[in-house]
């Protein structure tokens, strides 16, 4: 019956699995795709959207930006299951009057929207966006808010974790695998060596028959035999 692997060999592998799951700053954050999210549930008094944004930047993040339907659905689902469920969440978006378009505070591209009140020619100066947590739609509102029920923040997984962690894990796994293989081979060689000692095994050279005569004696005996043959 094969023996179980020694615990010492399993511990490094378990450590790799734990390291792979530790991409977000702490357990209070939730990971989705390449980002980490945290909902600061404290209701605060604010004078502008910048006060709300500071809540996120103080945690090394920025206000939420949403880039596809899956991310929008994830936020709604997490708000219902894990976070306090306010009616509306302030999105990290502002209207840039220079080019008359909405932009994300985190400088990411505006690749997705879910407006429920899109109208042409409407006045959008000092307009911000809110996520309606019941429907998942976005709606426009005045940026001059006086209070918020909570702040949803988002932080990208650091570059070195996002792109290099897999390589580090692979290299570590290869090193561990090589160490295990060398250890096993060393154990096999040691086992064979001990077995040879216990069985009294000796080499061919050590068991070869040794002649009682040296080379000079053999030569003299050969000459005497040849002399006897000539005179007989």
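Every residue, even glycine, has its Cβ placed from backbone N, Cα and C.
Noted in TrEMBL for the protein shown:
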DOMAIN    32-144  domain 'C-type lectin'
With DSSP, how much of the domain 'C-type lectin' (32-144) is helix, how much strand and how much coil, in residues?
22 helix, 34 strand, 57 coil
Within the predicted model, mean pLDDT of the domain 'C-type lectin' (32-144):
88
